[in-house]
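Here is what Swiss-Prot says about this protein:
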SIGNAL    1-25  signal peptide
REGION    26-277  region 'Domain Ia (required for target cell recognition)'
REGION    278-389  region 'II (required for translocation in target cell cytoplasm)'
DISULFID  C290-C312  disulfide bond
REGION    390-429  region 'Domain Ib'
BINDING   H465, G466, T467, S474, G479, V480, R481, A482, R483, S484, Q485, E578  NAD(+) binding site
ACT_SITE  E578  active site
REGION    596-638  region 'Disordered'
Amino acid sequence: MHLTPHWIPLVASLGLLAGGSFASAAEEAFDLWNECAKACVLDLKDGVRSSRMSVDPAIADTNGQGVLHYSMVLEGGNDALKLAIDNALSITSDGLTIRLEGGVEPNKPVRYSYTRQARGSWSLNWLVPIGHEKPSNIKVFIHELNAGNQLSHMSPIYTIEMGDELLAKLARDATFFVRAHESNEMQPTLAISHAGVSVVMAQAQPRREKRWSEWASGKVLCLLDPLDGVYNYLAQQRCNLDDTWEGKIYRVLAGNPAKHDLDIKPTVISHRLHFPEGGSLAALTAHQACHLPLETFTRHRQPRGWEQLEQCGYPVQRLVALYLAARLSWNQVDQVIRNALASPGSGGDLGEAIREQPEQARLALTLAAAESERFVRQGTGNDEAGAASADVVSLTCPVAAGECAGPADSGDALLERNYPTGAEFLGDGGDISFSTRGTQNWTVERLLQAHRQLEERGYVFVGYHGTFLEAAQSIVFGGVRARSQDLDAIWRGFYIAGDPALAYGYAQDQEPDARGRIRNGALLRVYVPRSSLPGFYRTGLTLAAPEAAGEVERLIGHPLPLRLDAITGPEEEGGRLETILGWPLAERTVVIPSAIPTDPRNVGGDLDPSSIPDKEQAISALPDYASQPGKPPREDLK
């Protein structure tokens, strides 16, 4: 084949041409799709071997949208390899270490490293988006295989930004290169099997944000067969892309992609994203606060007319950027918000942004503060400045697992843990949204249907949560996220109450806006996996009692704060019961709207008992909570 100037620089930079002439490299071409569809052995003694990876150009030029899945199995026995895929990506295998390097800027490549668990065969996979308004990056991941050719370990899913030219090349006619890398073998070879490319396609839709909403999460595996089965098993969840890929068609385009049985326990699926221009904390916060795809904020160009992005995403991203630019510590968030609201005209652009939407600002800044605090705590040498631009590792966590830990090399990244959310259980009907007029398109019938589905999936109702409108939207659609709290350890967590009247008092704005208005909020229903109920405890002490902290630690078996446990006690002496969930437990909850309305004419008033629908009251019984320790102290939480 002919080496074009487009990819000569990459090949040279990798050392792929070292020790061999330009012409000899051109003579060592092979046909990956045909020769290696079943199995092939490449002789690497003379330097570079190369193969075009052509696909039907009509696929990339279609008016639809889709994903190309390239894959091949590299057999064990040769651990010293260098591979390249055009100018886009290089892969170096050196013993147990696989290094990835690539990106849109040759002088500033993104680098990732993965340590294999064994020296057996492994499968190289990369996903290329195609079609209308596609994302601007590819995904790369490794599947390790055991002696029985079963999937035994999976790397994180790595994101590498690409320019339009490179993406187009990868989708049509990329070139694959391979050579031995510092091999001690006299006759180095490489065995490849099951090389192939498949595609999933669907007709274009006008709302790009929905089509690509899972591109930056572990759920991207749900797009393709057989990766959807891998996702379902590892995450112990169900691939559910709603109607975003309705009518999608999957087919093999060339070669013979492998399908592997699984020999792996349900485990975390991790997805690592690098933000070339920094700003990852601001992007992660906007993603969480506004329930917008994280992939959105890695793009250089955004679709026009995206209301949620313009009304929430951009303002939140700008707000966090302003806070960072002011060089304020994240433990000052509450005071900064109070000062901005108490003194109109103060605080510059940051103060103005807070006053424009105070509750959205409170939600966003407390989320960002919690992420920064967790980042600083999780790695030696991490600091608040590093949190602003660290990589993001999105973790899809098995529901029934214990602590959801990131990969060993993720201590320098912002970690986002993802569990099922209320959005998956809302059923058919109009879009759900929260306003002072009530929860739009939500009915008692939809509530009952959601409740039944949750029970079938192993969830149990544990109480109500009252909050302001922006938080309700974020919690139902994006899940509960830890927020910073300027409180003693015993009070830190997510608050719920079995009595809706108690939660009702919190269903309002926390602060008045610039005109002194406080809006009514929303009541939500909180469900936890039934398997987590042994971690629920009850005490007769008020949590304000001096001896309460010691009593709670005795019950939960580890020092405060709460983690995968909860404590229920009276809000005051002789008062109603409230429950605090530890943030790691709260992240596992599924939260859906209640059908109990809040009254915009009586904000801060008492709940009218007659407003509670009989059918909702009938499904709101609480489980029993333990009042004595039911398990030994957790060593990992001491």
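Backbone N, Cα and C define each Cβ position, glycine as well.
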Looking at the recorded positions listed here (C290, C312, E578), whose Cα lies nearest to that of R481 (NAD(+) binding site)?
C290
I need the nearest neighbour of H465 (NAD(+) binding site) among the recorded positions C290, C312, E578, using C-alpha distances.
E578
Lying 6 or more residues past either end of the region 'Domain Ib' (390-429) yet within Cβ distance under 8 Å of it, the residues of that chain are 113, 115, 156, 216-219, 231, 234-237, 240, 266-275, 280-281, 283-284, 288, 291, 294, 371, 374-375, 378-380, 382, 441, 443, 446, 449-450, 453-454, 457-458, 475-479, 529, 531, 564, 584, 587-593, 636
Distance check, please: Cα of C312 (disulfide bond) against Cα of E578 (active site), rounded to an integer number of angstrom.
32
Return the member of T467, G479, R483, Q485, E578 nearest to C290 (disulfide bond) in space, with distance defined Cα to Cα and candidates limited to these recorded positions.
G479
Work out the three-state DSSP category of H465 (NAD(+) binding site).
strand
Report, in whole Å, the straight Cα-to-Cα distance of G479 (NAD(+) binding site) from E578 (active site).
21
If I take every residue in the region 'Domain Ib' (390-429) and average their pLDDT values, what number comes out?
90
Max Cα distance spanning H465, G466, T467, S474, G479, V480, R481, A482, R483, S484, Q485, E578 (NAD(+) binders), Å?
22
With DSSP as the reference, give the number of residues of the region 'Domain Ib' (390-429) in helix, strand and coil.
4 helix, 10 strand, 26 coil
Reported in the order helix, strand, coil, what are the DSSP residue counts of the region 'II (required for translocation in target cell cytoplasm)' (278-389)?
82 helix, 0 strand, 30 coil
Taking all protein chains shown into account, the Cβ-based neighbour count within 10 Å for H465 (NAD(+) binding site) is 27
